[in-house]
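Accompanying notes for the structure given below.
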Amino acid sequence: MIVGIGTDLIYIARVEATWNRFGERFLARLLSAGERRQFEARGCNPSYLAKRFAAKEAAAKALGVGIGEHARLCEIEVLNNQQGKPELQFYGAAAETIKRQGITSSHIALTDESDLAQAFVVLER
């Protein structure tokens with residue numbers, strides 16, 4: 001049963017400007033250690049950051065809690081599996097929220113086109 005759907009659309013340049021302004025502090029707030037490794041392995045592409053930011057916002061919307069006390073950005077992880085498919089993992093307060101809501105499955109789609117990045121998340125129990 002679907003318990004939450006979330007989507008987010010963001011300008012890649014907006015995320016890139018935030019990264020340029022805040023540097024390491026922004027990366028530490030946004031990315032998990034695994035995402036950081038993928039980001040660096042892919043040449044530190046701003047579209048990677050924008051898609052991750054959109055994914056985390058979409059996941060928080062699907063959870064119905066937003067980003068904050070019940071889900072921090074770095075507690076929602078999006079990594080690509082061997083086939084390149086993005087997959088969600090939740091840690092910390094975000095994982096507790098997932099457990100409390102009885103969510104057992106997540107689905108995510110990411111895309112970017114020229115100046116925009118978009119994510120779509122579905123959560124099920």
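Each residue, glycine too, has its Cβ placed from N, Cα and C.
Database features, via TrEMBL:
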type	residues	note
DOMAIN	4-98	domain '4'-phosphopantetheinyl transferase'
BINDING	Asp8, Glu57	Mg(2+) binding site
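DSSP assigns Asp8 (Mg(2+) binding site) to a strand.
Taken as a whole, the domain '4'-phosphopantetheinyl transferase' (4-98) shows an average pLDDT of 93 in this prediction.
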